[in-house]
Ligand code: NAD
């Protein structure tokens, strides 16, 4: 088994990482930063997002698992005191792989620059560079849908629906559904300007094309990374062909994770 561990970088996460590496070596597992079959993140959900982006070029070959050193994460759902058991199960190869949808993002430019391709595990957002109102035409599956005015737009995956999307009033979507969700970030709605106002969920064969009107410098955030793009013509979002693979060593159903993260973790029940 070839593995790699990505740490958040703080003292606690680094020492868990070192301890795990020693145990994994003792179990004849090979540390391989280039072609790991399993990538373990130690930290929080943000660390798992980083690990995903570090290895998203090999999503078909690598499975992810997250250990949390802070509060329970959505992706990082193993506790530090459980890592011995986790290593044992990895050594036995005794795990199931579950797959969740991703978003494929293409930024098209109106100069000679080639379109840039990106992939998101949680969400992709689109805003202006100086927090002014984003004015953009929203096109769904080749048809003009609305002219949006507001702070920005957020397109999320089902597993990302519990992250930024949730704070925007989006729906929580079970990751077995291959879909993307478009959510407004503070739209302007009055007698003159109108948007639909509700989150929109699109199936895998649909796509969403957003064309800024008279604004060419656009800030995108893809998971934890924000980038400034010049001369943007449009940005296209669709359900990606690839899916992320998570190694599951025990059942932890999605709705149970939602319950434990947002309602109660059982300590006060
Ligand atoms: P971070 O690691 O501090 O994450 C921020 C919070 O989002 C953490 O509490 C984390 O556990 C939680 N989170 C991340 N993915 C989640 C998921 N799929 N479901 C439920 N909770 C999740 O910060 P970061 O490293 O910058 O992480 C980037 C993520 O932060 C983005 O992908 C975005 O979803 C989230 N975010 C949330 C808000 C908000 O809720 N208002 C605003 C900005 C960004």
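Any Cβ shown, glycine's included, is placed from N, Cα and C.
Residues 45, 46, 122, 123, 149, 151 are recorded by TrEMBL as NAD(+) binders, and the candidate that the same record lists for that site, out of 91, 179, 186, is 186. Remark: of the recorded positions 45, 123, 151, the most isolated position is 151 (fewest other Cβ atoms within 10 Å of its Cβ). Here the Cα atom of residue 186 (NAD(+) binding site) is found 25 Å from that of residue 45 (active site, proton acceptor). Under the three-state DSSP scheme, residue 45 (active site, proton acceptor) falls in the helix class. Among the binding-site residues 46, 151, 186, residues whose Cβ is positioned under 6 Å from ligand 1 are identified as 46. Across the structure, residue 149 (NAD(+) binding site) and residue 45 (active site, proton acceptor) place their CA atoms 31 angstrom apart.
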